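Structure, as structure tokens:
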Amino acid sequence: MDERPTLDAIRRAPKVLLHDHLDGGLRPATIVDLADRSGYRDLPTGDPAKLGAWFAEMSNSGSLERYLETFSHTVGVLQNTEALARVAYECAEDLANDGVVYAEVRYAPELHTRDGLPLEEIVEAVLDGFARGGRDHGIRVGALVTAMRHQARSMEIAELAVRYRDQGVVGFDIAGAEAGYPPTRHLDAFEYLQRENAHFTIHAGEGFGLPSIWQAIQWCGADRLGHGVRIIDDIDASGDAPVLGRLAAYVRDKRIPLEMCPTSNLQTGAAASIAEHPIGLLRDLGFRVTVNTDNRLMSGTSLSEEMARLVEAFGYGWDDLQWFTVNAMKSAFLGFTERLELINGVIKPGFAQLKWHGSRPLA
Ligand SMILES: O=c1[nH]cnc2c1ncn2[C@@H]1O[C@H](CO)[C@@H](O)[C@H]1O
Ligand SMILES: [Zn+2]
């Protein structure tokens, strides 16, 4: 029997998270503390509970550009190596407490150089935090280094991804406002990464539509799509059977992973409600859909809560949640044998246990 998973039970499931921003997941109390220590004076309030609520409220703006404005505060307190390592450590701890067993967490090194930190020190501090947090709390966290799409440092950041590939940086990404900043602006970085056999994902099809997705895949060679939610624009669902355009068919046929972040999409206006979120149709059509948090602070969420919202909206059961999780593990920027080990040794046994207990009361 496949009973409706509760939030509490979902928290105990071994989950995989591919799209989570380090600077979008700080604990409010940590922000206040870091601001005190560094003399950062611009926080809207010094009360952690109010600050958490402020981020969530400000992020319900309906546009990606406005959604990104609150990052000035998290980035503002992350300008020294102690702060970066601490936040990375706490990220690993928080994800582990939510039952995440493998995560790829991204951030943009170029945003943390305001007080003169070299890029290498930034990368090393974050890797140190992930490694210590991972060891202490039993989770594996890989880093994705992000270049900001409106800036011009993507080649340098891509070089960092390659230089630190054996120390815990598992890939590269571009993020920031999408409209007006197409992925091909950074083509040299993507071509370099391909020549280096390195992995990358691209935020595409969130604040802008199909041309962005098409460029990310067919010009830049993205392994995965950050969000990719607007692929729905290439699917005609008006008749009895949905009809896929050529780009949508390509994405599905090639099993290109979609890093979907439902709550974040509501806040930026990319979807109207969870029930109307394209994830339902894309899952039914067999796209390689994964479930993600994007920014746990700004979206006031966790991976378990994202899954619980989908359970509520679409009636998903354990088999669906396992399918999302195995999809994510298959799509991770980790070696093939390690992915298999996690799928067969951790994910499948963990979900089997929950399905078993889900159908019988725990004494
Ligand atoms: O959903 C998103 N779409 C595009 N960019 C984003 C999103 N969330 C965060 N960032 C941007 O990525 C930077 C590095 O982590 C953040 O500082 C923010 O500007
Ligand atoms: Zn994102």
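Positions of Cβ are set from backbone N, Cα and C atoms, glycine also.
The domain 'Adenosine deaminase' feature in TrEMBL is assigned to 14-348. The Zn(2+) binding site feature in TrEMBL is assigned to H19, H21, H203, D294. Taken from TrEMBL, the feature substrate binding site applies to H21, D23, G176. Annotation comment: TrEMBL describes E206 as active site, proton donor. Annotation source TrEMBL lists site 'Important for catalytic activity' at H227.
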Cβ under 6 Å from ligand 2: which of the recorded positions D23, G176, H227 qualify?
none
What recorded positions in H19, H21, D23, H227 place CB under 6 Å from ligand 1?
H21, D23
Shell of the substrate site beyond H21, D23, G176, same chain only (C-beta within 8 angstroms of their C-beta centre):
L22, G24, L68, F71, V75, R106, Y107, A108, L111, T146, A175, N295
Per DSSP, to which secondary structure element type does H203 (Zn(2+) binding site) belong, with helix, strand and coil as the options?
strand
Given the recorded positions D23, G176, H227, which lie within 10 A of H203 (Zn(2+) binding site) by CA-CA distance?
G176, H227
Do me a favour and check the Cα-Cα span between G176 (substrate binding site) and H19 (Zn(2+) binding site); whole Å is fine.
14
Once near-sequence residues are set aside, which residues in the chain of D294 (Zn(2+) binding site), 6 or more away, have Cβ atoms under 8 Å from its Cβ?
H19, D20, H21, G24, C261, T263, S264
Cβ distance under 8 Å to E206 (active site, proton donor), same chain, sequence separation 6 or more: which residues?
L64, E178, G226, H227, G228, V229, R230, N265, T268, A270
Compile a sequence-ordered list of residues in the same chain as D23 (substrate binding site), six or more apart from it, whose Cβ lies below 8 A from its Cβ; state 'none' when nothing qualifies.
F71, T74, V75, L78, V87, Y107, A108, L111
Look up G176 (substrate binding site) in the DSSP assignment and report helix, strand or coil.
coil
Write out, in the order they occur in the sequence, the residues of the chain not among H19, H21, H203, D294 that have a C-beta within 8 Å of the mean position of the C-beta atoms of the recorded Zn(2+) site.
D20, G24, R106, A175, G226, H227, E259, C261, S264, N292, T293, N295
